[in-house]
Amino acid sequence: MGAHFLIVTVFLALTSSLAFASDPSPLQDFCVAVDDPKLFVNGKFCKDPKLATAEDFSFKGLDIAGNTSNKVGSNVTQVNVAQIAGLNTLGVSLARIDYAPYGLNPPHTHPRATEILTVLEGTLYVGFVTSNPENRLFTKVLNKGDVFVFPQGLIHFQFNTGHSNAVAIAGFGSQNPGVITIANAVFGSKPPISDDVLAKAFQVDKKVVDYLQAQFWVNN
């Protein structure tokens, strides 16, 4: 009897966690986001629906190329709930990524969303790495019109292998997918992670860690 109760309890806990593994389903037509600096919630507060306008659901400028004149040669134009208040509670967002020749969208993760990417112009070498212990690398060369999926939370990247600019559009299963660029987080944290910790983690001399921590890390 005790074992049966334990199994049922574990099953209910697992199904409950799966049910809340992505953005919550809306309980009304929409919930246009408004900011309240005095309170914090998991998402955004709602504007009175009677005060909503078409502007709350639109964004202009995705046709404009991002500035790729930085060290990594790429630029991400985000279109999430911060840009379109009407996305609040709807569980989707997107981004435009521009790549200079040999430009890189560095290894990063989206903690709250799976990403689906399609190439509009150019050629991209893309890939993601599975979790421990396998750390298996999946890669593909994408051309115009090709689509690739990066599973939620896994480290992934895109690299422009061509001599000309490349452009891609990415869709996300979250109104605010978040992004953690691996190099920025590890070597550019504020305050910095102890060089003793990083030297041991990467099995390198502390001088190498100090050099990396002194670099200017691009937030993409």
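Even glycines carry a Cβ here, placed using N, Cα and C.
Around Glu115 (oxalate binding site), a 10 Å sphere centred on its CB holds 23 further CB atoms from the protein chains shown. Annotation comment: TrEMBL describes Asn105, His110, Glu115 as oxalate binding site.
Summarising the annotation, TrEMBL assigns Mn(2+) binding site to His108, His110, Glu115, His156. On its own chain, His156 (Mn(2+) binding site) has Pro107, His108, Thr109, Glu115, Val126, Gly127, Phe128, Val129, Phe150 as residues at least 6 apart in sequence with a Cβ closer than 8 Å to its own Cβ.
The disulfide bond annotation in TrEMBL covers Cys31-Cys46.
Taken from TrEMBL, the feature domain 'Cupin type-1' applies to 60-210.
The annotation signal peptide is assigned in TrEMBL to 1-21.
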Take every residue in the domain 'Cupin type-1' (60-210), average their pLDDT values, and give the whole-number result.
97
Hey, how far is Asn105 (oxalate binding site) from Cys31 (disulfide bond), Cα to Cα, in Å?
32
Express the distance between the Cα positions of Cys46 (disulfide bond) and His110 (oxalate binding site) as a whole number of Å.
25
Centre the Cβ atoms of His108, His110, Glu115, His156, go out 8 Å, and tell me which other residues of that chain have a Cβ in range of the Mn(2+) site.
Thr109, Phe128, Phe150, Leu154, Ile155, Pro177, Val179
